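Enquirer: Structure provided below as structure tokens; questions to follow.
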Amino acid sequence: FIVSMEPRNQTAVSEFLLLGLTEDPALRPLIFSLFLAMYLVTILGNLLIILTVNSDLHLHSPMYFLLSNLSFTDICLSTSTIPKMLVNIQAQNPSISYTGCLSQVFFVLGFLVLENCLLTAMAYDRYVAICHPLMYTIIMNPSLCVMLVLISLFISTVDALLHTLMVLRLSFCTDLEIPHFFCELAQVIKPACSDTLINNILIYFFSIILAGSSLFGIIFSYAQIVSSLLRMPSAGRKYKAFSTCGSHLLVVSLFYGTGFGVYFSSAVTESSRNSAVASMMYTMVPQMLNPFIYSLRNRDMRESLRKKLSRLTFFR
């Protein structure tokens, strides 16, 4: 797997080995079926959200525009990891090329940060809708919505590109096993022979900055929303206003909850398998559940889906 370039320890890496969740051959068919089912549910669910939003004029609003972008991001994030893992299980070959591994690092990081930024933009949208309802259409105009998505895309691309380029400067030793089902940045730099101090500093710095600023924006938005709701005289209006935030709050809790769970599990345990399971939780589970959360808890979405299903039944 390693081709020596110099007498020293620096090497040109041809591939890494993704060890996955288990090395037990008897469990591989079960894991393959589980991941395939999760991937299909993720793709179909998020694709249904995108098609519903784009085809229903009643859903052509800033909130659903951001939601459709979130669904597209979820599809891309799942596609950047699961298909390769399924191929490896089916072929019983755990290898991934050096270029493929760096590509996974870039896309996983990029789409995770993009999802992080989109959730913050959606919180701002709910803040404007509830705290400044008369100015909503003026503030959340199409130009601002597109700008929020483009800014989120720019931030995510720069962050992913920076970390990927920092991995390129590393030299690797002979032990190139990654105890995960995809090339997670923190696991990729562990086998490096060269000093990874700068890489680790950048990982923690940008994680704190990006996640911290997003969480601050979300918490600030909902603090203003709660303050505004408390001033409303009617309990019915309070419930109706806050019900539009329920789905977003669930998605935020799921995304950040699983994300913090990964770092907590890696801090309290040295088990690589536990870390791999935790990583699966934040790169697969929220993306699979998001469509269900928005379709089941959102009245407009449920109504639109019901109409489409009725039309399909009618044509049959």
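Backbone N, Cα and C define each Cβ position, glycine as well.
The transmembrane segment feature in TrEMBL is assigned to 30-51, 102-122, 134-155, 201-220, 241-264, 276-296. Taken from TrEMBL, the feature domain 'G-protein coupled receptors family 1 profile' covers 45-294.
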Enquirer: Counting a contact as 3 or more Cβ pairs under 8 Å, with residues at least 6 apart in sequence, do the transmembrane segment (30-51) and the transmembrane segment (201-220) touch?
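Expert: Contact between the transmembrane segment (201-220) and the transmembrane segment (30-51): absent, because fewer than 3 Cβ pairs are under 8 Å.
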Enquirer: Please figure out which one of 102-122, 201-220, 276-296 racks up the most CB pairs under 8 Å against the transmembrane segment (134-155).
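Expert: Looking at each of 102-122, 201-220, 276-296 in turn, the most contacts to the transmembrane segment (134-155) are made by 102-122.
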Enquirer: If I take every residue in the domain 'G-protein coupled receptors family 1 profile' (45-294) and average their pLDDT values, what number comes out?
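Expert: Summarising the domain 'G-protein coupled receptors family 1 profile' (45-294) by its mean pLDDT gives 86.
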